[in-house]
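K.L.:
Questions regarding the structure given below will be posed in turn.
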Amino acid sequence: MASSVVLASDPSPLQDFCVANKASPVLVNGLVCKNPKDVVAEDFFFQGLNKAGNTKNKQGSNVTPVNVMQIPGLNTLGISLARLDFAPYGLVPPHTHPRATEILTVIEGTLHVGFVTSNTQNRLIFKVLNAGDVFVFPVGLIHFQFNPDMHKDAVAISGLSSQNPGLNIIADQVFGSDPKIDRGLLAKAFQVDKGVIDYLQKQF
């Protein structure tokens, strides 16, 4: 008898650091290392997370990422974060991070958050969070964040277990793909009329 275990995560560092050389044309799983002799403090630094993001959009929210593209020193370290700003009734729509678990803490205001477990249970696990509360979204699961207050803004900070978590916004990908997914296929999948799919695809 034989058994095997498969583990998947960001590459682990084999030296003190591997500051990303974003100018390199070499393609690897991650980013090529900058010469350690050329590394400076700015490679590990980001400024401006104290500034609110622009929430004047259809969703009424803004995400300010701080990942390896903003801090090259995060390369191979398997961690990143983001600031989430919400206008009253603002929403970060249902989405997934294919490469990261997310841990969120509310800094200001109130958020209604939740995630959906995988098939076949499809169970919604949700919670209303206030300032100082923390919630975890398991890797790869569909989740959302919503500000239910119609008068006050909300702010949160999220930590993610990858230098490059990825972002799949469900509606954008299903109805806004390029080229478009066949409307007959989507109509059958969602059990709606093709006219509904036509309308939704025109919105993206």
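For all residues, glycine too, the Cβ spot is worked out from N, Cα and C.
TrEMBL does not curate its annotations; it predicts them automatically.
Pulled the feature table from TrEMBL, pasting it below:
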| type | residues | note |
| --- | --- | --- |
| DISULFID | Cys18-Cys33 | disulfide bond |
| DOMAIN | 47-198 | domain 'Cupin type-1' |
| BINDING | His95, His97, Glu102, His143 | Mn(2+) binding site |
| BINDING | His97, Glu102 | oxalate binding site |
K.L.:
Minimum Cβ neighbour count within 10 Å among the recorded positions Cys18, His95, His97, Glu102, His143: which residue?
P.N.:
His95
K.L.:
Around the C-beta of Cys33 (disulfide bond), how many further C-beta atoms are within 10 angstroms, looking at every protein chain?
P.N.:
20
K.L.:
Using an 8 Å cut-off from the Cβ centroid of His95, His97, Glu102, His143, can you name the remaining same-chain residues around the Mn(2+) site, in sequence order?
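P.N.:
Here the non-site neighbours turn out to be Thr96, Ala100, Phe115, Phe137, Leu141, Ile142, Pro165, Leu167.
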K.L.:
Can you tell me the CA-to-CA distance separating His97 (Mn(2+) binding site) and Cys33 (disulfide bond), as a whole number of Å?
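P.N.:
Per the Cα atoms, His97 (Mn(2+) binding site) and Cys33 (disulfide bond) stand 25 Å apart.
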